[in-house]
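Features as listed in Swiss-Prot:
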- Cys50-Cys56: disulfide bond (DISULFID)
- Cys51-Cys64: disulfide bond (DISULFID)
- Gly65: glycine amide (MOD_RES)
- 1-21: signal peptide (SIGNAL)
Amino acid sequence: MGMRMMFIMFMLVVLATTVDTFTSDRALDAMNAAASNKASRLIALAVRGCCARAACAGIHQELCGGRR
């Protein structure tokens with residue numbers, strides 16, 4: 001193999017690795033965003049449950065807007 005062919009093969013490997021990494025990162029970002037949204041919804045449900053109980057709402061007034 002000549003130097004030019006080796007250089008072309010090297011560039012193809014670099015390009016393939018870069019494209020694969022870029023698409024993998026985007027897929028992971030989407031999965032992380034979905035997990036974060038799910039966690040936020042679960043936390044909101046827990047806070048609403050706490051705010052519905054007077055004892056818990058009294059302890060965590062900053063979460064329940066100061067209401068009992």
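Note that Cβ sites are derived from N, Cα and C of the backbone, with glycine treated the same way.
Cys64 (disulfide bond) sits 9 Å from Cys56 (disulfide bond), taking the C-alpha atoms as the reference points.
Rounded to a whole number, the C-alpha distance linking Cys51 (disulfide bond) with the residue listed as 'glycine amide' is 9 angstrom. Each residue contributes its Cα atom, and for Cys56 (disulfide bond) and the residue listed as 'glycine amide' these two points are 12 Å apart. Each of the disulfide-bonded residues Cys50, Cys56, Cys64 was assessed for Cβ neighbours inside 10 Å, and the highest tally belongs to Cys64. On a Cα basis, the residue listed as 'glycine amide' lies 12 Å away from Cys50 (disulfide bond). Long-range Cβ proximity for Gly65 (glycine amide), meaning a same-chain Cβ under 8 A and a gap of 6 or more residues, is found for Cys51. In the three-state DSSP scheme, Cys51 (disulfide bond) is classed as helix.
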